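According to Swiss-Prot, the feature domain 'EngB-type G' maps to 22-193. Under the heading GTP binding site, Swiss-Prot lists 30-37, 57-61, 75-78, 142-145, 172-174. Feature annotation from Swiss-Prot assigns Mg(2+) binding site to 37, 59.
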């Protein structure tokens, strides 16, 4: 999948603010600070399209990006960061759940985890929730450049076991671009499939 054009469409919190739903969508979800924005920017070959930050919990809206006029990338707020005010956390849960549960044009969820960390209780809960709603999910382990190749493989197997995944999660590095083409290929395949 070749990225030709990318444009920011809008931010929203409620379904009434979402784009029309005429294009297939791929959503990106994960804990705060797992490298979600860096993954999106690397996939799209844009430096600051999705805002990266050293402050976890920066993304507090659902952000929609039009890719090639043929699909939307949807950047969902990161979850699980302690220093985010409790009132904000209470809004995030329903906002993310409503989008993931109800969005008809959602073709795939890219579930992002830091390769150096074990899945949290929140990760396990979200995975169970996505399974329950039958959402096609691609698991991606970021920050692989922080580990040796052997350690990356070991962590890949460990996360697969922890989440009881039928296939190995993909390994990705924003720094080296490792995994970029494979992730884009999975997105391309999902884009063409209607939700079953």
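Indices start at 1 and increase along the chain as displayed.
Any Cβ shown, glycine's included, is placed from N, Cα and C.
Location within the structure of each feature annotated in Swiss-Prot.
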residue : record           : contacts (Cβ under 8 Å, 6+ apart)
30      : GTP binding site : 36, 78, 79, 111, 112, 113
61      : GTP binding site : 11, 12, 13, 77
143     : GTP binding site : 34, 35, 114, 115, 116, 173, 174
172     : GTP binding site : 39, 42, 140, 141, 142, 144, 178, 179, 180, 183
Problem set entry | Integer mean pLDDT for the domain 'EngB-type G' (22-193) | 88
Problem set entry | 33, 37 as binding-site residues, winner by CB count within 10 A | 37
Exercise. Where does residue 37 (Mg(2+) binding site) sit in DSSP terms: helix, strand, or coil?
Worked result: helix
